[in-house]
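*Asks:* Copying in the features that TrEMBL gives for the protein in this structure:
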DOMAIN    A:80-138  domain 'Spo11/DNA topoisomerase VI subunit A N-terminal'
ACT_SITE  A:Tyr106  active site, O-(5'-phospho-DNA)-tyrosine intermediate
DOMAIN    A:197-300  domain 'Topoisomerase 6 subunit A/Spo11 TOPRIM'
Amino acid sequence: MTKTRSVYIESDIRPPDPSKVLQCILTSVEMALLDCSSVQLIFSRPLLQGVTFRKRPSRPTVIRFPGKKECWKFNPSISACYVRLFRLILDNLNSGTVTTRRDLYYKDVALFRNQATIDALIEQLCDSLGVKGSDLGVFPSQKGLIFGSISIIYKNLVGKECCYQLSSSEKSQLTPNWFSNDVEILSVRIPPTIRCVIVLEKDAVFKRLCESSWAQDQYILVTGKGYPDHLTRQFLDLMMKHTSLKVYGFFDSDIYGLLIANTYKYGTSQDLNKMLLEKNRLQWAGVEILDYTQGHQPVRPKEIQLMTSLNHRLGDRIKLLTKHREGERCTTCHTKSQISPNRSNIPKNLAKWSGTTLDIVRPSATPEKVPTKILRDLLDET
Amino acid sequence: MGKQFISTQIIRGHKSDVYDVAVCSKFTVSVSGDGHIKTWSHKGEEEPVNDILVDSLGLHHVDFWENDGILIIGTVAFSGILYLFQYIDNELVPLNCELKKNNWALKFHVGVEDQKHRLLTTQHNGSAEVYELTVEEGKFSLQHEKTLEDLNRTFALSIDVSSTEDSKIAIGYMNGTVSLYDFRTLRSSYTFTSTAIKSESSAVRCVKFSPGGTLLAVASDSESYGTISLYDVKFGEMAGSLIAPTNSNHAIGAGFAHERWCFSLDFNQDGSFLASGGMDQKVRIWDVTTREVEATITMALTDLPDDKLTDDLNSNSNIGCLSLKYFGKGIRQIDGDDRNEGLVLVGLDQSVRWYREAGGV
């Protein structure tokens, strides 16, 4: 009769100290190996399979080490995964290094087999202990890029005041990953010449605009390189909460552009399922299909279907006339077009949109337009 | 000798782009991307007589069938569903019929002499469905007759049926081809391929038969321009094209009718004039025999009353004509409108505009 040690992983200790818990788990495992007994890890939160649709927890919350092969559908040695992961995290915590989930996965691809395993295990550990990923030293990877002049002063996790600065004379940088909801932002300073924040779908256009003199000290440019990740959206949230700048988004006139615009505005389908529907100030500013005089491409039937289903979803929950209308126009014209870095329609459309906001207030005043000289310079360079 | 067109009424009646319009004896009916179908009385009242929200996805085509005192209106939504209504006692009563989904364009045909009455629709996959329409003792029914398959398998954008005894059906596709079918036998007779440089950008936006059934006008894209070609139906040959006069210096290879895409065509009652409306905010009236422009109507936002300009429709918005129809003398009864033929235009400015030809008898 082998004895079984039980280790509870739950969040009743305040504040939770992940390194202590992990040390405890690993010590129990070592001792179990030495005296041929087994260890039970009892998590207070279940392991959830799949990342997008969380209907029912499908895995038990008790993990035995050594584990039984038939328990696990997607990974015969899930208990080995746990132990390996905990060892990696503990080592990082002890040495003070930070890493990303992707890095952890690549440390032992043969064992983990796919990224989803790591994601699920880390989620379970965080949920059970009541900590965030950053407490375990696991930070999200940075994907988006920003460009402009910003200066942010914040209090980091240990209460120290830090300053994050970005200058428009430098090249663009990856979105910063030090902020999470717990970090206290003390101040955000931007030069008064900045007119608005521009969000772009493609990084090719982003790079083009960064290199031209058009955006220097006039705009803050952000791109998520396609679908935005959490960090990019959090950064935009930060900009919208702490400044009163307008945020305009420029996306391709096809279904993918509209879907990306929706992700910026409302979050991913995962967030929709969780009903985290916090609308933000981002205004979809184009480019409309009818603004293009060339570069139209044929549409595939699948894209028309996607467009129809998007309009279906838009119609129910959110009344968004402009995007719905754009979807209809794209379907009627039956073409799509993309913003290309060689002929950037953005200055023209931005002029359209800047004009829009002023027209409501003072219809008689001349709308604010991008100065024609800068416009010409930009187009001449192409 | 130029014609003049006078604007008689403009109503900003919809909340989104107005995609199609039709004029029957009782009213003008318009459908819009906001999903509503609205009927406007011929007496010129500002409020629509009927206003129904059909499909929140938006409506893009409308057509009607009027015979023997029965009026049926059909409209297609962006969801692909075809809705049918019968006009009874000043109300639009929805009809339930077993119809295929994934429709795009539709066309009713009132049978001439002993022809059948039919409803034709084009599908997303490029085929066309033919339904036979019968009315017995006031009861209306549709029977699916045949599917006209297309070998091209591209999106079928437009359809028309000529209203003569020797009827033909014309279907225009996304890749620039137009197929002609014989109405009686439902067999293919001619196929015209696009003459544009790039066939991907030569979608056939509109096909229209002349009232005599001899000519077929085809509006297709050419890059970002809109071209209008005329075809002889009997011999299957190209009869000419309509080219707008331009003062610009650079010679364009093939002329064009509109500077942007041309979305809609309509012949007048005797087939002597053809009206074309495009995304360049212009509507041109052409003399069919001389192929010259007789009149040009420009759609401008300033035509709408000032207090109607809003966030989604202002001086920076795109304006263009999406559909137009001619109507005959005596149909509209306001402001001396019954003196001459008239035109009704709809488009991206969310309004329905009525014009009449100036000068009367």
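Residue numbers in this text run from 1 along the chain shown.
Every residue, even glycine, has its Cβ placed from backbone N, Cα and C.
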*Asks:* Please report the DSSP secondary structure of A:Tyr106 (active site, O-(5'-phospho-DNA)-tyrosine intermediate), reduced to three states.
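*Replies:* Where A:Tyr106 (active site, O-(5'-phospho-DNA)-tyrosine intermediate) sits, the three-state DSSP reduction gives helix.
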*Asks:* Summarise the model confidence on the domain 'Topoisomerase 6 subunit A/Spo11 TOPRIM' (A:197-300) as a single mean pLDDT, whole number.
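*Replies:* Across the residues of the domain 'Topoisomerase 6 subunit A/Spo11 TOPRIM' (A:197-300) the model's pLDDT averages 78 on the 0 to 100 scale.
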*Asks:* Return the count of C-beta atoms lying within 10 angstroms of the C-beta of A:Tyr106 (active site, O-(5'-phospho-DNA)-tyrosine intermediate), excluding that atom itself.
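*Replies:* Other Cβ atoms found within 10 Å: 12.
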*Asks:* Could you give me the DSSP helix, strand and coil counts for the domain 'Topoisomerase 6 subunit A/Spo11 TOPRIM' (A:197-300)?
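*Replies:* Within the domain 'Topoisomerase 6 subunit A/Spo11 TOPRIM' (A:197-300) the tally stands at 42 helix, 19 strand, 43 coil.
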